[in-house]
């Protein structure tokens, strides 16, 4: 490389050290990026105080934002959608309450008050609020270990309300503190495996109603359930099994036709209510309750009663309520936010995850004080709402009104509803959550994600719902730690006929630069990975030196660290770079840095590291660094040639 080329490279400038900022300003900027990455209040700038107050009210209470623009056409669509999802909410509410081992009426209560709260505070236009199967199962599996839901029914109900209260506190706190990113710890693979395992466990629990068994295990793992079913073979009721198979087939067929022809979505949406009606009529006409077919029995009429005095804050069971609340709150929050974001993306609008958490939290807090248990935004109900043409959260209000009418006037009609029909409804809803296609996709794309998914599934099915969740989160965290502790480093080479430098593993045509070793660092340098990077760089240097000796090429003279992907560095990372510099100095190798970020350069400057290696050895890009190294090597070589020529020149004869 000639002198003119290097001077041209140098003229473009070296890496600048950004001006120092006051600590308070830097801290403020960092906190803003952590808690307000979407800058939700950017529209408040340069606005009068009255306007700021109105915008703040619209931000925290979204109904004030969209209600002024509401029109008659929206109302027509929302009424149709609300009635449609109410037809699904009533049988689902009763079914999921039964799954949680709570009185069926509480499932109806939970489809009345919480949707009204969400309609005021929620930011999603499509989310339909109601009870969720996985949350219901978790309440039974976690509280049921401490309190028998049959022998201590009142205490069990009170603890379910208390757990819902703490779930709401947890959700609202995360939203107010802008800590929604915590939910991201549940990776996609974790959720796929966990939800599939939970759906499998929920289906297994329905075998009790399907076979008409009186006694059933309180454990949720597959071994205990199958053992309980098989050892009671002589108590199986063929009437119940026949009825369950028929209604399950009916529900699956309607779901199949609705998927084939989306315009017929209402068939699948109405199928659960039709099943309840037909099942009730069949039992009433045939007196099926006298032949082993269990029915719901009497449901009291009337609206929700206040349950704030029922919350259990005594020390004996408080830990159970808090632990259950945090777990069910996390699952409900993850499902609701994920479903809301999916439909928002589909319809091209934005929802704020933190605002959604606040809405979920407040509706569960209010719900726990009005005889409701955990609610969220289940996918099945939301999909029906979207397919039915729902435009705004008014569809939740319409659904709540329909449930209110049911509570006031129609509850006696559910007396003869067979439990096996409710089991069929749950069974058909849960089958869609066993997403084997997503698991196959994970296997093709990322084997580690597949392991996480299967671990979560196996943990839930063969252990418990809590065990599966803990295993999945633990494996996910291990993967994150492995990425941080053992980051990837790669050797870069020059791509022929270009100025690009790329990984030699990824691009076999890339050529190494004689006398220069270029290493790319792929993550922030912290105390967690500093020691590993020190050892890995030493190994790269040793391997390059061995390669040079064996091939007879020029010895290694420069080590270039491409720091484009290094977003930050701590004191341990700086100490690691200092150790590398000392090691390279001993070997006669010059350390060169390429494109370090502003935060990295700032800390390197404060630690005097830039002075140690020389500002001229920190370059804007790998290309500039290589140009500088080649120029220096060429200059040294030319100087050596000149000296050698002078030594052997013929002396002048006097």
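From the backbone N, Cα and C atoms, a Cβ is placed for every residue, glycine too.
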Which range, 236-257, 302-323, 324-345, does TrEMBL list as transmembrane segment? 236-257
State the residue range annotated as transmembrane segment by TrEMBL; the candidates are 127-143, 212-228, 348-364. 127-143
Between 55-79, 155-179, 455-479, which stretch does TrEMBL give the note transmembrane segment? 155-179
TrEMBL feature transmembrane segment, matched against 2-21, 22-41, 82-101, 102-121, maps to 102-121
For the domain 'STAS' (506-629), how many residues does DSSP put in helix, in strand and in coil? 63 helix, 21 strand, 40 coil
Same-chain residue ranges lying at least 6 outside the transmembrane segment (393-410) that approach it to Cβ under 8 Å: 63, 70, 74-75, 78-79, 81-83, 85-86, 89-90, 93, 105, 108-109, 111-113, 115-116, 118-119, 122, 124-125, 127-129, 301-303, 385
Of the listed stretches (102-121, 127-143, 155-179, 185-204, 263-285), which one yields the highest count of Cβ-Cβ distances below 8 Å with the transmembrane segment (236-257)? 263-285
Tertiary contacts of the transmembrane segment (127-143), as residues 6+ beyond its ends and Cβ separation under 8 Å: 85, 89, 92-93, 96-97, 99-102, 107, 110-111, 114-115, 118, 149, 156, 159-160, 163, 195, 198-199, 201-202, 205, 220, 320-321, 323-324, 327-328, 331-332, 335-336, 339-340, 343, 363, 373-378, 381-382, 384-385, 390, 393, 395-396, 399, 426, 429-430, 433, 464-466
